[in-house]
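Features as listed in Swiss-Prot:
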- 709-733: compositional bias 'Basic and acidic residues' (COMPBIAS)
- 24: SUMO2 cross-link (CROSSLNK)
- 30: SUMO2 cross-link (CROSSLNK)
- 161: SUMO2 cross-link (CROSSLNK)
- 350: SUMO2 cross-link (CROSSLNK)
- 475: SUMO2 cross-link (CROSSLNK)
- 724: SUMO2 cross-link (CROSSLNK)
- 57-158: domain 'CMP' (DOMAIN)
- 161-234: domain 'CUTL' (DOMAIN)
- 467: phosphothreonine (MOD_RES)
- 1-47: region 'Disordered' (REGION)
- 435-473: region 'Disordered' (REGION)
- 580-617: region 'Disordered' (REGION)
- 694-733: region 'Disordered' (REGION)
């Protein structure tokens, strides 16, 4: 009661914070955590001006008042404690509550469920989510000038577990913490198959790289799925515990079936004395079943035929449990193995210990870098032979360098695989590198050999090849190349000048995917030789940009013609029915795998049939593309930025003005009809949209500031290019 009576002084009068009594300090168990995080323990005994001196550095003091919600109908709040917390200036403003609670010593689960309310002086308090909509706003951007009059009220929920939290209260932070907990039990690919989030979104949320927070609808959907998942998991554990009782040593013949339970319920009401009379000897015979069965559920003496049936059923249950456990522990690698775009590399089987028993060295990352330098192999080759993954994943692992002792399950599996590979003799590793190089140079041979070695595989092997031509620059030492942050602007200017897509430029300039280039231009990290992966990739792009302009244009034209001729060849050879299926399969091209140019046959001479086939309409959106666009609306919203439109255009192989018109039409239906336009199992042609079905400029201004200007510029640019676009340029976009 004493603490509650003093709490209004702290909540309503920021000028009296320095005079808060010592009773307001945090619990003793949290003091060490506070000192470790730099919380000014003596700041309460000094005037506010003393705290302001710390703002010159990298931290900002934030006064936090933590309140515990008991969940009752009266919503009676109990203040736990009030304390200053030093928060880094570069922390995202949306993560302020979570960062402050972690600094105060609270758990990740409590921090994820908390809600923040900010109070500025004597103004009315405002929820933290109402302050700004910018996902990249930092604490310094919002509190740099007003930190001395700001009070951050943090309300803790009474739910001790995430599954007890209502689905309506799930947010981006709770989803991230739940994903981190689930990734300790399974890898990302397995989790993506079960939960309503894609694998790329899971990775982005966990690594805090998702450029926009997940929508509230998606968070609530994930919360409902998480509650069901935990409930099913608890029921599964209970069934396994109950199945342990079904062994012959515990006399399973006395377990009644459902019909007997129903009849016992009736007889228990009619003749309770007779039921008690029969239950006494049975209790003495099966003491192990006493905790889980009440006397009213125990059966009378069973017939010999029923006893034999229940013994046979117990045998069957025990066999099923034994087989399932044996399969779960026999081939753990085979269950989690993913071949990506490659067939597995045949290796000699050696009696080596399994990955689970291999201790990962703390300097595994330096060992990998030393091995790359010693063997003079690329990250792509090492990632392929060491743990059968892509170069992008290896680059991320080496860039983050997470501690193996606290790594997630999926990362630990990859680290153990790399450690296993590095434990091989040096001669053996060099032989594997050579085999991989030969396989990359001769993809057809490797595909035939892998298909013959694994005839049971129903998946068609696809070899990821890097095209070693004279046009593509080869990776060499970039010590004598001067690279600055201006290279990102040069890349964008080059794509705009040559009118090429990100996918085409990434392919010819660095032999990378469109997604990789999109992330590169989005983050624009400062080039430094210390970041070896980024530096080598930028050196490769710099060498390409240093080529004369006419040579670069020739490379663009050859790559575009090669891609176009390959697609047209397959379209001509197929009968009319599977043509639409082919277009759906190629709407998401394999960005990192394309056949070598020198093996591509020349396009066949035009025939009457091929000339009769018209190129597909550039205003039509297929069913598969509709699904991707609707998923984007569900996850991000109806207002994609320029980067998102460019990404969708390259991914769906559609012009930008087609995608822009689709979003304008959807916003029109949401504004005037209150819901999205439904497409009943048919493709959409945006050319059929009427002018009145698109939002006008004034309506755009009311809904989203500045959106119509960007859409207008993009639409005019695409319409100007559309009239003179060649078939090759159409396909490359």
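Positions of Cβ are set from backbone N, Cα and C atoms, glycine also.
Cβ neighbour count for residue 161 (SUMO2 cross-link): 9 (other Cβ atoms within 10 Å of its Cβ, all protein chains included).
Residues of the domain 'CMP' (57-158) grouped by DSSP class, helix first, strand second and coil last, total 28 helix, 40 strand, 34 coil.
Taken residue by residue with DSSP, residue 161 (SUMO2 cross-link) is part of neither helix nor strand, so it is coil. Per-residue pLDDT, averaged over the domain 'CUTL' (161-234), rounds to 80.
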